[in-house]
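Structure first, commentary second.
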Amino acid sequence: MNINIGLSDVLLISPMIALFLASLLPITMKVLRGNREQHALITLGQALMGIVAAVVLLVVFGGSDKTAFNNGLIFDGVTQWMGIIALAGAGAAMVMMYENPSTTGKQFSELIFLAMSSAVGMLILVSAVDLLMVFIGLEMMSLALYLMIAMSHEEKLSKEAALKYFILGSFASAIFLYGVAFIFGSTGGTNILSFMDNAAELVQTSRLFLFGVTFVILGFCFKVSIAPFHAWTPDVYQGAPTPHTAFMATAVKTVSFAAFLRIIATKSLTGSDQLFDILQWMAVITMIVGNAAAIMQNNFKRMIAYSSVAHSGYLMVGLITAGVSDNGAFGASGVIFYLLAYGLMTIGAFAIAAMLEKSENHIVNIDDLAGFAKQRPMLALCLTVFLLSLAGIPPTLGFFGKFYMFNAAIGEGLLWLAIWGMLNSVIGVYYYLRPIVVMYMKEGNAEIAGHSLNATTVTAVVMALAIVLMGFVSGPIFSAVEKSLL
């Protein structure tokens, strides 16, 4: 197969090139300085410059529906929106890494290099329409992430989290590749665009193709924490340094759902009632399991981890809607809008958690928030905004995210699925209100860590303001997302 690479291909992948070049700056400077770290703020600045450049290039070249590298990558509305959301989440997480005791030190340049390399993999994953390119992006993102988690100084929990994530991630990748092999055997190719128009028919006529699609979907179910493939999530989220957890919960989750969306958008669900029903029940079970487990947690990070599982269930409602809708843009835009809201509120929640960690091994329990409202009223208000938005309370952005997604499901006749989503959202209110009650109603001496946390504080405040202000203009934002997908 001949692949002709022209100037247009290079321009389309320029966001990835910008990220890659920016990732080299910190480690190059370290080598030139005789293996001595430059000031961490300079390293962070170099990374953020690369992210800003990549976002600008995505705005300029993304959304054009052009393909590159023999139709292996596409730069459409999904690529543009999901890429920007993921890069914004990655950038915010890097700001948290700059001030966190478990991630700063003699290896900060290497850590930023790995984070930027993972971000390059994210952009490949979010734009890939060839299953082999999806795999390349997935592995580039994941392998860098495994090393990032394991690099957390000498904390044993991080080493354990990295090992669990690596073993289970490798298993999921094997399942995904197994599915790709089946699809290649039944269609003679691995490009999603080549079988998108007749995927529903292939599911009915080719058992091999059905198996392939099923295995690919199962591989993604692990990556996005769909029950029963969610068990790794609380352990890894709790064991990883908090900035890394924020990185995984926002940027990694966003691009994984983007790739998952491209598979579901082939309309293969309409060709198999069994696969359609199984995914619906998996979405419901994921919501129930995530919320039920979150209620029983006292560890703040573990509670957010289980709530992340529940949110994956909500997002599955949007994916399924996009998979059966004649106007896939409506369901897909609901997923993108929800991921935008989810990214803001999750980064914010983990930013507050990071500020409460007094040391590398400190565990933040919900009861530790007692008195936080008196000690730090502004940060307590920010955390309240994040938790209310996660619960879906109006007029926060989280409420409108659920509204648009469930409304799309009802419009496609998936009323029962939307009802399950709304019921579980009500259940979630209980454990999201618990930290708020502890902060404002209980006496205590909750205080943030002694080291400088100015950048993390700014991150939390900006996220809280964005959640509130964007909630008032959610309609135009949703319309802009939907228009870019048409």
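Cβ atoms are placed via backbone N, Cα and C, with glycine included.
Here is what Swiss-Prot says about this protein:
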type	residues	note
TRANSMEM	5-25	transmembrane segment
TRANSMEM	41-61	transmembrane segment
TRANSMEM	77-97	transmembrane segment
TRANSMEM	118-138	transmembrane segment
TRANSMEM	165-185	transmembrane segment
TRANSMEM	209-229	transmembrane segment
TRANSMEM	275-295	transmembrane segment
TRANSMEM	304-324	transmembrane segment
TRANSMEM	335-355	transmembrane segment
TRANSMEM	380-400	transmembrane segment
TRANSMEM	413-433	transmembrane segment
TRANSMEM	458-478	transmembrane segment
Recorded stretch, among 77-97, 209-229, 413-433, maximising Cβ pairs under 8 Å relative to the transmembrane segment (458-478) | 77-97
Using a Cβ-Cβ cut-off of under 8 Å, list the residues of the same chain that are 6+ residues beyond the ends of the transmembrane segment (413-433) and lie near it.
-> 280, 283-284, 287-288, 291-292, 294-295, 297, 303, 307, 310, 313-314, 317, 320-321, 324, 387-388, 390-393, 402, 405-407
State, in range form, which of 118-138, 275-295, 380-400 has the highest count of Cβ pairs under 8 Å to the transmembrane segment (209-229).
-> 275-295
Under 8 Å Cβ-Cβ from the transmembrane segment (77-97), and at least six residues away from its ends along the same chain, one finds 15, 44, 47-48, 51, 54-55, 58-59, 62-63, 103-104, 108, 111-112, 115, 118-119, 122-123, 126-127, 241-244, 246-247, 250-252, 254-255, 257-258, 261-262, 332, 336, 339-340, 343, 347, 350-351, 354, 455-456, 459, 463, 481, 484-485
So which residues does the transmembrane segment (275-295) touch in its own chain, when a touch means Cβ under 8 Å and the partner is 6 or more beyond its ends?
-> 203, 210, 213-214, 217, 221, 225-228, 230, 234, 268-269, 303, 306-314, 316-317, 320, 323-324, 414, 417, 420-421, 424, 427-428, 430-431
